[in-house]
Every structure is written in C-alpha cells, then in structure tokens.
C-alpha cells in the first residue's frame, strides 16, 4: 500500500479545490450480456476519469456481474480509485486495489447479483498515479429470477403451486380450487351447497387445514316443514380476527328466517344455536390473507314426537327406538310363518310414518299365521292330514299316497308335505310339485298258481290277464286284441288298425286306416259276447303305426292306440310291464285271446295257451318252404308237434312271461301272423317287443 504523508494529503485536497471537476460520462447497456472495461484497458487507465455503465434487463431477470481482471490503485477505504456497483437505492459493492486487505476489497472470484432489473457500475480515478495500473475487465449477463424460491413478498407469492419459467412465473391451484383474478390466490367454488338430510356435518373448505383465501361460501340446510334445525360447533374453531374491530376480515354468519347469528371469528366456538325453523343458511367469507384453520359444525333436525309403539303379537317393529319423531318410519313384520294382515289384505311387511303433527300415519296391523289352504287333489291318489283337526296352517303336515295296489309313487318319495312360511305345501325333494302316481304293471290280484297248467287252449281264469284289451267295432263285434300300457295306451298289431289290403296291390293308403271313431277299446273283458259289470268301454283318441311297418311281410307289425280317457284300474284292469331284457329260447310264455279254437269256432270266454319261445333259425326253417321271412323284429313260439297256437281273432293280443324274482308279468310279443293255426311245424310268429321298446316309450312315455 502506498504511504500517504500528511503533506500529500494536504496537497491532494488543495488541488481538488483548485482543479476543475473530473470529466464523466454514462454508458447505457440494454443487452442480455456484455463486457465492461476500464478506459484504455489493457493499458493504464487515465487519471481524473469517471465512467458509469447503467445496465438494464427485462422483468423476470436480474444482473450477474463478475471480473476477469482487476488492478486499481490502492487507498484507504478506496478513497482514490475505485469501482462501485449499485442499484437505484443500494450500494452492492465497492472495489479497489490489487488484493483484499482490512480496509479495501478486490472482487476476486466474487459474483455480484442485482436484486432487480437494474445495475449501475461506476469507475473513478483520482488526479495522479505514481505507478502503472491496468484497470479491470468485467462481464455481465442477465440471469433468470426464480420467483418461486425467492419471492419474499407474501402478497405476491402463489397460494398453492408456483411454476417458474425463464423471465417469469405463474401460479396454479390444487384440485377443487380455482385461480382468483389476481392470478396468485386460490379460492374454492363453495356457494350453493345444499343439505337435505336430517343430520349432517358442515366444514370450511379443506378443514382442518387452512381455508382458502378470497372465498365466499354459502351452505343451505333445507328440510321439510315440521323440522327444527339445531347447530353445534365442534373441534377446532379458528377464523382470522382483529383485536379491536369485530371480524373485519374473515367470518361465519348464520341466517334463519329473519334471525341472524354472528358474524363469528377468532378462536372461541359460538354457543349451540337452536334456529326453530327448517331452513338455515350459513355464510362464510375469507379475505386474501391469513393462515387460519377454519371451523366444523354438526346439525340435526328434530320434530314432534309420536306415541310409543307396541309390536303385534308374533311380530316386530324395526327400527326399535326409545323415541320416534317426525318423519321416522317403522317397518312392521311378522315372525316366520306369519303374515301381516291389514284391512283384510295379507302382506309381508307394513310401513307407517310419524307425521309432523305427532300422530302415526296408520295403526299397527296384526300378524296372522300362514295358511296353505286345502291341499290339491292327487290323480290316482289321496291325501291325509298328519296334524290334528286337519289344520292347514304353518308347519302343518299332510301325506300323499297312491291308490294301492293299483298305483305306486314315482321315485318312491315319502309323499310328506309341510305348510311352509311362504304359504305353500312343500316336499323336501319335490318342493312345490305334486308327486306322480304311476300304474302298477304286471301284478294281477289273481295268481296263476291257483290253477293248473293249461293244455290245448283252455279257458283263462277271470282276472289273471287284467292287461288284455278287446278291440271292438261299435256294433260290439270284436276283431283284435291288445295290451294296456301305462294308464291310457293300448299296444296291438298294426294290421289290426287298417282294412284288409288287396293281395295283388298291398299298398297301405291313409284312407285304409281305421278312424278313432270306427272302434272302441274294452278293458276288463272276459266273456266274448256277454257283458258284465267289470267291463270298461273306452273311446279312442288317436292311432299310431310303427314307422317301419310293412303290411306285406308283417315286419314291425305294431300299432299304438291312445285312449281318450284312462281306464279305472282295479282287480280286472291293470297294465302289463315292458320287457327289461331280451327273451331267450325255451322261455315259457302265455298267449291269450278270443280267437277261434283250431279254426272251428270262436270261444265264449278268454282263452290262453302256454308255449315255449322257439329259436329264430328253427322258426325260419319252418317257413322257408312257404317263402315267408322271419325278421329280427319278430319272435316265434309254439310246440313242434302243434296243437297250441294263436288263431284268427287273437291278432294284436299279448304274449307274456313272468319274472319269478320280481313277481311281475312282462310283455314279450304281440300276436302277428302264422300259417295253419296249431299245425305241426307251424310256429306262431309275434312282433317282438324288446327291440321296439324305445319307439314305444318315445310315443307313450310309459315307464315300468
């Protein structure tokens, strides 16, 4: 540092008074960056020089100044030569010398930042320099201001989110808020809030966080006339206030009709408010400053009380409350097995309401036990009551049974039904469906064990063949036989159901078929001509021939007759069973009918023969000379020596056999054709049932 003598200082001040003012000039800089150098740089700067550089950058920027070279005269507190950096109202730095000391400072690596868009840099040199000083080389640039981080003025900072960009910034708000017109304050759209429930909770926006600024909120509680709303402030109550002026900034106000409560602010919650009306408006206002947490209130409505209710016998009331008031509703229901009875109308539940005048909308109904009513009748069956006095109410029990021994219950169900809580008779398996009574097949009351074996076609005992049917013309003349299947079907030979065909032209036309009105079915028949009280004369509904029936060869010689009404099953009328398995050679079968005995005359009563089943090859050999063919749908029976056979008038009749294990009779065949009735080596040929069983069941639906 240069030594300053008293005399030099005195001379300096004297010269300053004697010499004219130092020449000075100003340079205006408006670029975003630039360079500033002392006069004459890099040579020595002149004495008595003063230059000012005024740097201005756009809004949103500040100025950064740094020095690459600095070499000025040293002086105490930079009294001689110096560089001064300042703004309009603030000196940012003063530099001089070659290195920093206790009394002078050089910029070194220091960066000078302006707080705003303006910076002034002034260089000044005094009247003399004893040494050579090279001055300075400085650079400046505009740098972006991060307003989001550096904004100190609360009134200009963003409420929620601040987004900086080069040269400026903008504000945005959280979800549910909108930006105020000042572009920094976030407010909520909180007007028009409507509450119509009888109880509820209302809070300031974002409670318990600070509520938004510059907001005008309104909340309306609007209930049905007859209610009275009460308000209760809860938990935190924190609204900006003023120590001297009541609620000048933020406040909450309550309006109900002509009454007004408030404004309220501060940290003390208002007392509970009973508005005595059904419609209340709550107003809340906030200004553009403050960080207060807001308020929370609950409301509830009360009305006139209604009298206490007594539930009906065998019933209940829901909900069960100590007190019921206006608009409360209760649901009356009954215990399981009971129904609500109101004004002679039965229903599951009944609802009543407490009215605004304190009266119930209706009287409590009664509970009536469920009645399933008289059980439905069962076809071919009967019903008995298991409960005393033939009760039909809830949990009463009945039992269905079939008319034995002629009918049996399908699937062997118990037949027990209980009156359910829904008012229906219900079975564990069948639910609401009635059981089905199926005809018992192949179990005649009169056992064949009671008579000796029949030879050469002897009269059959009455009732031993209860399935045999007589096909009779309306004049009473019989023409064929048949077998009862199920409750209303008769199986016979197809050739029985049409007129005789011309041997020269054996084509079956529909006009040759018998009409249902051309004949009738007689069940329970024993005598051929005479009638007795056990006979049942039945009308024919329709006839169906086997689709593969050939009238020339008698292949598939089967026909079904559907009855218009079901016969009454008894000791003399019962269906025969369909076969469960194919028949085997040698099995003894019984053929019955009212046909001629050995081509001489018709018998007076039902006749039967017992013969064995014959091997189909043996049967075919017997008919080969006659050019007759025995097909797979046919079965033969008879004795080689002859003497026992079905004859004219027996066509369509049954050939049956007994299953000893099941003690049931099964249909093996239907009398179809033969040659020379009862002659040696002339077996009877029958339509075989087993291979045609599927077709029979498909048409009739009959199951054993």
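Placed from the backbone N, Cα and C atoms, the Cβ positions cover glycine too.
Database features (Swiss-Prot):
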BINDING   73, 81, 126, 128  Ca(2+) 1 binding site
BINDING   144, 145, 147, 164, 165, 168  Ca(2+) 2 binding site
BINDING   240, 250, 287, 289  Ca(2+) 3 binding site
DOMAIN    144-187  domain 'EGF-like'
DOMAIN    190-302  domain 'CUB 2'
CARBOHYD  54  N-linked glycosylation site
CARBOHYD  183  N-linked glycosylation site
CARBOHYD  390  N-linked glycosylation site
CARBOHYD  412  N-linked glycosylation site
REGION    25-283  region 'Interaction with FCN2'
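The list of residues near the domain 'EGF-like' (144-187) in space but at least 6 beyond its ends in sequence, with Cβ under 8 angstroms from a Cβ of it, reads 58-62, 205, 212-215, 288-289. All protein chains considered, the CB of residue 164 (Ca(2+) 2 binding site) has 17 other CB atoms within 10 Å.
Nearest in space to residue 250 (Ca(2+) 3 binding site), taking C-alpha to C-alpha distance over the recorded positions 126, 165, 168, 183, is 183.
If you compare Cα positions, residue 145 (Ca(2+) 2 binding site) sits closest to 54 out of the recorded positions 54, 126, 128, 287.
Comparing the binding-site residues 147, 287 by how many other C-beta atoms lie within 10 angstroms of each C-beta, the top residue is 147. Taken together, the residues of the domain 'EGF-like' (144-187) have an average pLDDT of 82. Listed binding-site residues: 81, 126, 250; maximum Cβ neighbour count within 10 Å falls on 250. DSSP gives residue 81 (Ca(2+) 1 binding site) a coil state; it is part of no helix or strand. Sequence-distant neighbours of residue 128 (Ca(2+) 1 binding site): residues of the same chain at least 6 apart with a C-beta under 8 Å from its C-beta are 47. Using a 10 Å Cβ-Cβ cutoff, residue 168 (Ca(2+) 2 binding site) registers 14 neighbours.
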